[in-house]
Amino acid sequence: MKVTILASAILALINGALALPANTPTLDVTLTQVDNTRIKATVKNTGNEKVTFVHLNFFQDAAPVKKVSLFRNATEVEFTGIKRRLLTEGLSDDALTTLAPGATFEDEFDVASTADLTEGGTVTIRTDGFVPITTDRKVSGYIPYQSNELEIEVDAAKAAAVPQAIKLLDRRTKVASCSGSRASALSTALRNAASLANAAASAASSGSSTRFQEYFKTTSSSTRNTVAARFRAVASEASSQSSGKTTYYCTDPYGYCDSNTLAYTLPSSNLIANCDIYYSYLPALTSSCHAQDQATTTLHEFTHAPAVYSPGTDDYAYGYRASTALSASQALLNADTYALFANGTPLLPLSTSTSKCSTLTMVIAVNLNC
């Protein structure tokens with residue numbers, strides 16, 4: 001009983017440390033229709049302080065990333081662009097946007113380039129989530145954003161004329177374009193990802209409820225079973241390099257890698273690609289709490305692929321602080337939540353191994369903003 005009380009008290013301390021202060025700035029997103037499926041987003045800093053944030057995977061990103069969610073008759077329309085995992089430190093200046101209090105920027109994009117809207121009719125558009133904020137080009141926290149709900153009438157013929165952002169490649173073997181040191185690194189990453197996912201599946205289904213609550217914001221048996229099932233599916237997919245439900249590239253077949261992108265997934269094709277810095281920047285397996293490595297990056301990308309486990313995850317938030325600020329429904333579908341949970345799960349039974357993210361370590365990490 002004493003242990004349970006202590007764990008609950010520490011978890012309360014963690015949640016308190018992660019709570020948004022009353023004066024925390026937020027980003028307000030106003031969506032308007034420009035012409036048919038072409039949309040304009042106006043992003044405004046509604047706070048009293050200047051903020052610098054990562055605009056990749058957000059508005060102003062030139063890549064075909066998921067900027068908004070589309071719904072037809074309350075059912076989300078499939079996204080056909082890319083979802084990518086980014087560095088959390090050493091970010092380049094061109095990945096960052098700074099907004100003064102009250103300042104705005106605009107971004108125009110065509111939602112028909114990353115979704116099949118050829119059916120036409122009424123489509124509802126909205127977005128929300130968290131954007132990483134930075135200090136000295138390192139992610140140091142997060143800022144929430146939310147948009148209005150925009151309803152548009154789509155002209156089917158005009159939508160069909162919009163070029164798709166990504167032209168599909170021919171499917172190949174599960175691990176494609178791999179040779180030499182990169183093939184070896186990916187092989188190791190897949191083995192490690194499978195081990196991490198299996199351990200995380202056990203922890204999700206029958207491990208500490210306090211720890212599960214920390215990441216997934218609920219201890220319901222149905223959520224624990226769903227999380228465990230996704231981890232088991234990832235472990236199964238990572239266990240074979242000659243067959244499977246995804247195609248995994250050692251290199252970038254579409255040209256969407258840059259100096260800030262570790263890897264990306266094309267969910268509509270269940271295709272995953274590693275970028276150069278996946279090999280040059282990441283260790284195979286980190287010993288640090290909530291740090292990035294090749295294994296959890298691969299695990300993160302597998303969760304995006306709906307063929308591995310449906311529905312595939314989204315990128316509502318990155319990093320421990322933002323991911324643990326999500327609601328239970330968002331955490332269940334947030335790729336980094338799975339990577340972070342797996343990162344802190346011992347690979348050996350708890351009797352012989354302790355988590356690199358012990359509760360005490362996490363309290364210290366939060367206080368240090370790491």
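Glycine is treated like the rest: Cβ placed from N, Cα and C.
Pulled from Swiss-Prot, these are the features on record:
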type	residues	note
SIGNAL	1-19	signal peptide
DISULFID	CYS178-CYS250	disulfide bond
DISULFID	CYS257-CYS275	disulfide bond
BINDING	HIS300, HIS304, ASP315	Zn(2+) binding site
ACT_SITE	GLU301	active site
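Closest to CYS257 (disulfide bond) by Cα-Cα distance, out of the recorded positions HIS300, GLU301, HIS304, ASP315, is GLU301. With a 10 A radius on its CB, CYS178 (disulfide bond) counts 18 other CB atoms from all the protein chains. Burial estimate for the binding-site residues (HIS300, HIS304): highest at HIS300, by number of other CB atoms within 10 Å. The number of other CB atoms found within 10 A of the CB of CYS250 (disulfide bond), across every protein chain shown, is 20. Other residues of the chain with a Cβ within 8 Å of the Cβ centroid of HIS300, HIS304, ASP315, the Zn(2+) site, are LYS83, ARG84, ARG85, THR265, GLU301, THR303, THR313, ASP314, ALA335, ASP336, ALA339. Within 10 Å of the Cβ of ASP315 (Zn(2+) binding site) there are 22 other Cβ atoms, across all protein chains. Between the C-alpha atoms of CYS250 (disulfide bond) and HIS304 (Zn(2+) binding site), the distance comes to 17 Å.
For the pair formed by HIS300 (Zn(2+) binding site) and CYS275 (disulfide bond), distance between Cα atoms is given as 14 Å, rounded to the nearest Å. In the three-state DSSP reading, HIS304 (Zn(2+) binding site) counts as helix. Taking the Cβ of CYS257 (disulfide bond) as centre and 10 Å as the limit, one finds 21 other Cβ atoms among all the protein chains shown. Using a 10 Å radius centred on the Cβ of CYS275 (disulfide bond) and all shown protein chains, the other Cβ atoms total 23.
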